[in-house]
Amino acid sequence: MNGKRKSMLTGSIVKQALKDSFIKLNPVVMMKNPVMFVVEIGTFVVLLMVLFPGYFNTAGRTGFNLAVFLILWVTVLFANFAEALAEGRGKAQADTLKKTKKESTANKCVGSEIIVVNSTELRKGDIVVVSQGEMIPGDGEVIEGLASVDESAVTGESAPVMKEAGGDFSSVTGGTRVVSDRIKVVITSDPGESFIDRMISLVEGASRQKTPNEIALNTLLTTLTLIFLIVVVTLAPIAEYLGVPLDIPVLIALLVCLIPTTIGGLLSAIGIAGMDRVTQFNVLAMSGKAVEASGDINTMILDKTGTITYGNRMASEFIPVGGAALAETAHWAAVGSLKDGTPEGRSVLELMNKQQLAYDTEVAAGGEFVEFKAETRMSGIDLQDGRHVRKGAVDAVRRWVLAQRGSIPEDLAAKSDAIASEGGTPLAVAVDGKIYGLIHLKDTVKPGMKERFEQLHQMGIKTIMCTGDNPLTAATIAREAGVDEFIAESKPEDKIAVIRREQAEGKLVAMTGDGTNDAPALAQADVGIAMNSGTVAAKEAANMVDLDSDPSKIIEVVAIGKQLLMTRGALTTFSIANDVAKYFAIIPAMFMAAIPQMKALNVMGLGSPLSAILSALIFNAVIIPLLIPLAMKGVRYKPMSSARLLARNLTIYGLGGVIAPFAGIKLIDLVVHLWI
Ligand SMILES: Nc1ncnc2c1ncn2[C@@H]1O[C@H](COP(=O)(O)OP(=O)(O)OP(=O)(O)O)[C@@H](O)[C@H]1O
Ligand SMILES: [K+]
Ligand SMILES: [Mg+2]
């Protein structure tokens, strides 16, 4: 399904990551990760002792010190490798994208002339003409014409998509190709700020910033590191007093074992891999913050048409009311749809043809088209002879007719309710004060929706369906799909109101949208996902763009976000539990010689103090690469409540984190003890 963008870990990515692990040793880079920076400083100190044993008076310990140095160095490299590997896939993808960003020529309209310019010379507001076979030279909006466009360079999807002036399918992306017809496009981005440019810097991680969550965790890890630093520094005089002289390399080894190096080494890899998973899913997240926020979502706002249903609402029947004839009803429905370019409007004319019903286009000559608006929920035409033809949501048309002192046919309500209770959308057709009948628009709920909403329910997420449709249709579809709440007869601004209401209760809200009138709500939502097919305004307001333009994907995006937060939590728990266990391995071993009672605490029965320290240190290092796959793939996520999840993860990763080092260190010690 979405396998098209999947780039696996290739040999070249691994090779590059190995190289980057060394480049990242640069202290200026390391400093951003305080835990690993402390390890690096420790490594350097031990190295000095290996190089100048005479100066430090450690000649007798050079072998042990060399071992400590090597293990510490490898620990830092492992952490760097984890990050570099996580970055690798995005970098490879960026390279592919850069290749598609070839320079091209553009046919720029200047007055009535067309001149050929380089695509890099185009600025916001310029107008270009793009014909069959040509590449669209920049991001923009179609202002004239209709064409099918191959967007595979951006979306990976090879089937061409229709782009047309006006409406929600007017935006085009630079670097995509017109495969048929010809369009006039107004450029909407300056050079260097195009969608592909932004995409490159996103997947490349160039603009990656630490998220608030990551910063908070980093602060915690740094604090823990500081505390252990103080503990270890004060341990030296105590040991001295007890008559156990502790060497500096031993103290450094102890410190490194105690500070949270596992999570410190994997933290940024987890974040990068989380964003990468979203990208592999063909969703562009403008920031890591957006991905994380999606993991914390409490409420999801969904459109009915096109999200929960297929959205190809088609006229399926004309139903006269108030004693009107079928031909009359159909005729006015058609006249009111003559210039209505929406799928609904076009489907009315198609139904006329299918049913071989006649309509008179002459009446409409010179008439003024009244475009469909989500605010009015009506469309139609004002005829030259002064008559007004309208079709639209039943309540809207009813109000419009009443405002002109018209009357409402008695059978209108029953007939429109019949359509609505089947989940269909009734449109009333009226001319001035008279309602002629109804158009039955049919739409179907996408298969599998019920199961997905059930999952969201288990995650503790409330779903609210917002629709411009009437309450009865809304209720039917809501029931069929299994959403928790619905808001019917909603106008675009109602969406913002719902989002604000939920946010005021302290909830995080996600929504999808594609139209210009969705833009404010997309901006207001904590997670706003715009459809790539949507308008430029929607894409700019949102913090994610779905390249496949599948509004129901929001459900999986939330799951990925949750998985990211869970992975980070699980590995933090594991890391800290690990460190506690290591403490019990090392401390008794270190003091055994001086304080015989400590032997009782040497539950692990490790070979010798030195082999205990080295074994703990080796375990501490290898656990990082062992956990890289988990950090990159994320822990498996099963929909359940947060409380149950927490309990489950504490058991697995907390308990596991305590047990694993005991077993691991013991095994390593069996081998290491053969030498020491
Ligand atoms: N082309 C049209 N001409 C007249 N009325 C229309 C047309 N299209 C839709 N309507 C009416 O306007 C209402 C609102 O339409 P709109 O597209 O804003 O919302 P919707 O698609 O029903 O809801 P959703 O938010 O789930 O997409 C529809 O329910 C329908 O009754
Ligand atoms: K550690
Ligand atoms: Mg709609």
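Count begins at 1; order follows the chain as displayed.
The backbone N, Cα and C atoms fix where each Cβ goes, and this holds for glycine too.
Residues annotated as transmembrane segment in TrEMBL: 35-56 (among others).
Beyond the ends of the transmembrane segment (62-82), by six or more residues, the same chain brings 17-18, 20-22, 24-25, 30, 33, 36, 39-40, 42-43, 46-47, 49-50, 53, 249, 252-253, 256, 261, 264-266, 269, 610, 613-614, 617-618, 620-622, 624-625, 628, 631, 676 to within a C-beta distance below 8 angstroms of the stretch. Residues or ranges marked as transmembrane segment in TrEMBL: 62-82 (among others).
Across all of the domain 'P-type ATPase A' (104-204), the predicted model scores a mean pLDDT of 88. The domain 'P-type ATPase A' feature in TrEMBL is assigned to 104-204.
What TrEMBL records for 215-238 (among others) is transmembrane segment.
Annotated transmembrane segment per TrEMBL: 250-273 (among others), in sequence order.
DSSP assigns ASP303 (active site, 4-aspartylphosphate intermediate) to a strand in the three-state reduction. Under the heading active site, 4-aspartylphosphate intermediate, TrEMBL lists ASP303.
Secondary structure at ASP340 (ATP binding site), taken from DSSP and collapsed to helix, strand or coil, is coil. Shown in sequence order, ARG346, VAL348, PHE369, GLU371, PHE372, SER379, GLY380 are the residues of the chain, 6+ apart in sequence, with a C-beta less than 8 angstroms from the C-beta of ASP340 (ATP binding site). Taken from TrEMBL, the feature ATP binding site covers ASP340, GLU344, PHE372, LYS373, ALA374, GLU375, THR376, ARG377, MET378, SER379, LYS391.
In this structure, ASP514 (Mg(2+) binding site) belongs to neither helix nor strand by DSSP; it is coil. Close to ASP514 (Mg(2+) binding site) in the fold, though at least 6 residues off in sequence, lie ASP168, GLY306, ALA530, MET531, SER533, GLY534, THR535, ALA538, SER549, PRO551, each with a CB less than 8 Å from its CB. What TrEMBL records for ASP514, ASP518 is Mg(2+) binding site.
Positions annotated as transmembrane segment by TrEMBL: 580-598 (among others).
The feature transmembrane segment is assigned by TrEMBL to 610-631 (among others).
Residues or ranges marked as transmembrane segment in TrEMBL: 652-675 (among others).
The two recorded residues, MET378 (ATP binding site) and ASP518 (Mg(2+) binding site), have Cα atoms 18 Å apart.
Nearest to ASP303 (active site, 4-aspartylphosphate intermediate) in space, judged by Cα atoms and limited to the binding-site residues ALA374, THR376, LYS391, ASP518, is ASP518. The ATP-binding residues named in the record, ASP340, GLU344, PHE372, LYS373, ALA374, GLU375, THR376, ARG377, MET378, SER379, LYS391, extend over a maximum Cα to Cα distance of 16 Å. It is 250-273 that, among the stretches 250-273, 580-598, 652-675, forms the most Cβ pairs under 8 Å with the transmembrane segment (610-631). ASP518 (Mg(2+) binding site) sits 11 Å from ALA374 (ATP binding site), taking the CA atoms of both as reference points. In this structure, LYS391 (ATP binding site) is part of a beta strand by DSSP. The 6 Å Cβ screen around ligand 1 retains nothing from the binding-site residues THR376, ASP514, ASP518.
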